[in-house]
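Peer 1: Sharing a structure below in structure tokens format, with a few things to ask.
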Amino acid sequence: MKNLSTILVLAILITCCVTHVRSDASDHRYNDGDAVPLYANKVGPFHNPSETYRYFDLPFCSAGDVKEKREALGEVLNGDRLVSAPYKLEFRKEKDTEVACRRKLTKEEVAQFRTAVKKDYYFQMYYDDLPIWGFLGKVDKEGKTDPSEYKYFLYKHIQFEVMYNKDRVIEIGAKMDPHSVVDLTEDKDVDADFMYTVKWRETNIPFENRMDKYSQSSSLPHHLEIHWFSIINSCVTVLLLTGFLATILMRVLKNDFMKYAQDEEAADDQEETGWKYIHGDVFRFPKHKSLFAAAHGSGTQLFTLTIFIFMLALVGVFYPYNRGALFTALVVIYALTSGIAGYTATSFYCQLEGTNWVRNLLLTGCLFCGPLFLTFCFLNTVAIAYSATAALPFGTIVVIVLIWTLVTSPLLVLGGIAGKNSKAEFQAPCRTTKYPREIPPLPWYRTTIPQMAMAGFLPFSAIYIELYYIFASVWGHRIYTIYSILFIVFIILLIVTAFITVALTYFQLAAEDHEWWWRSFLCGGSTGLFIYGYCLYYYYARSDMSGFMQTSFFFGYMACICYGFFLMLGTVGFRAALLFVRHIYKSIKCE
């Protein structure tokens with residue numbers, strides 16, 4: 001595994017370099033009158049963050065040749081499609097009502113703009129890598145009850161206000177002039193002069209801190225109070241759960257150990273406590289061992305990926321509007337950590353005395369990537385049908401396929417070979433009997449589904465407050481930057497998942513049910529199902545998303561994310577249960 005460790009270090013270094021290139025590229029100094037790059041990015045309905053289109057998909061006019069900016073992989077995955085904007089903002093050069101371009105809008109183009117205004121379309125631009133937003137128009141509903149009487153107007157005058165410090169751009173804002181509009185209410189040809197005003201103001205804010213206003217938006221006092229309340233709520237859950245385990249579970253175990261230590265020949269005592277009674281079956285390998293080992297390997301890789309993403313976030317790689325940094329990190333680190341999945345799955349499969357390790361390795365490689373690939377194919381087809389920027393270009397798809405073929409797959413195979421040759425044996429403190437003992441009838445609340453519901457509820461209750469802010473950032477326009485608090489919540493999630501899985505495993509063994517392997521994995525991963533249930537609530541109660549494309553993107557990609565959580569937390573739950581089961585059976589004398 002030494003080579004895998006080296007690869008992981010390289011993954012972090014490569015990702016840091018790739019994701020920080022945007023920061024270095026934007027560190028420009030300008031002289032008076034120098035051209036500062038202004039790019040138009042995309043337009044789309046404000047409430048549908050996935051449904052975005054190229055800026056010139058709407059019939060805006062351009063001042064000259066439109067040049068496309070070359071985008072990195074993460075930026076393309078983020079849906080960014082930058083082109084040169086029709087406005088020219090030279091450094092420290094003020095302009096008053098400058099005409100960018102003139103255009104005669106046909107009836108069809110007027111109807112196109114009216115539809116965009118009706119759906120609350122916004123635009124996004126970047127000036128020296130600083131984001132700019134604005135709405136395309138407004139709807140006049142004052143004094144009107146019938147929607148057919150509404151009036152629709154297109155803004156045609158943008159007022160830019162730019163702040164600078166010596167020879168650097170620090171901040172930019174854009175306001176739409178509500179009095180300079182084009183009436184789009186009727187289907188008729190209209191003339192539109194797209195104009196802009198530029199004002200420059202000096203500031204003392206240093207260039208290094210120009211992104212602070214975006215970072216601090218999620219750290220406002222009233223927001224921090226809610227986040228700390230979330231952590232306190234989670235910590236109380238952890239304390240109650242650990243207290244329950246310490247006072248109840250450990251006391252019961254202590255009594256069990258004392259009983260077995262007093263008289264090894266008293267069979268009645270052994271019959272009273274079920275978990276000792278099944279010592280010959282508790283380490284019997286699970287059914288579908290290849291699938292179990294593959295899920296364990298995939299979950300371990302996703303856990304490693306999550307830890308590395310948190311490491312990058314905590315050192316400041318994912319600062320606001322470092323476009324595509326997160327997607328780049330996810331692709332690079334997932335590809336370079338595939339060896340961990342191969343090694344973990346194959347070595348564990350061989351410990352379970354599996355023979356067809358090649359099939360197990362193929363299953364490991366497809367267990368998470370397979371559903372993700374099928375979901376992507378469907379959603380990319382939808383995006384192509386909508387002509388949205390979420391549709392990946394053919395070249396980007398080729399790059400991703402090459403990464404999977406030349407990096408992910410070879411590392412997966414190398415990890416599998418290393419796992420097969422590790423020659424590790426499964427450490428079982430008790431000898432397994434030849435024939436399995438019959439499991440006694442159990443009440444309905446001890447079956448798999450009720451146990452999963454119980455196991456998933458507590459971890460979900462520890463994170464649900466923070467989930468809203470994550471959803472509002474990923475599926476909205478809020479900025480989330482307090483990764484330290486998110487990391488604390490993540491640690492609490494792992495602790496609660498491990499503890500509740502251990503408790504339920506003990507109760508299962510005490511009921512003389514020795515098939516705990518899959519149960520512990522399912523109970524640990526059940527939080528992912530609760531998160532997907534929260535998706536339904538968020539979509540219908542907390543968001544204004546609509547339309548087939550946005551709905552399919554939201555539920556499609558959230559299904560993949562929740563599936564990943566299921567695998568990752570299932571692995572955490574199983575590992576905790578395995579340590580616990582080994583410990584209690586190692587503490588007694590088993591014949």
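Including glycine, each Cβ sits where the backbone N, Cα and C put it.
What TrEMBL says about a protein is an automatic prediction, not a curated fact.
As annotated in TrEMBL:
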SIGNAL    1-19  signal peptide
TRANSMEM  226-249  transmembrane segment
TRANSMEM  302-321  transmembrane segment
TRANSMEM  327-349  transmembrane segment
TRANSMEM  361-386  transmembrane segment
TRANSMEM  392-414  transmembrane segment
TRANSMEM  452-471  transmembrane segment
TRANSMEM  483-509  transmembrane segment
TRANSMEM  521-541  transmembrane segment
TRANSMEM  553-581  transmembrane segment
Peer 1: Which of 226-249, 327-349, 361-386, 521-541 has the most Cβ pairs closer than 8 Å to the transmembrane segment (302-321)?
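Peer 2: Per the Cβ under 8 Å count, 327-349.
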Peer 1: The transmembrane segment (483-509) and the transmembrane segment (361-386): do they have three or more Cβ pairs under 8 Å, with pairs 6 or more apart in sequence?
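Peer 2: Result for the transmembrane segment (361-386) with the transmembrane segment (483-509) is no.
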Peer 1: I need to check the long-range neighbours of the transmembrane segment (226-249): which residues 6 or more away from its ends have a CB within less than 8 Å of a CB in the stretch?
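Peer 2: Those are 458, 461-463, 465-466, 469, 482, 485, 488-489, 492-493, 495-496, 499-500, 502-503, 506, in sequence order.
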Peer 1: Below 8 Å between Cβ atoms, which of the listed ranges 392-414, 452-471, 521-541, 553-581 makes the most pairs with the transmembrane segment (327-349)?
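Peer 2: Ranked by Cβ pairs under 8 Å, first place goes to 392-414.
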Peer 1: Between the transmembrane segment (452-471) and the transmembrane segment (521-541), are there three or more CB pairs that fall under 8 A, provided the residues in each pair are separated by 6 or more in sequence?
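Peer 2: The answer is yes, given that the two segments have at least 3 Cβ pairs within the 8 Å cut-off.
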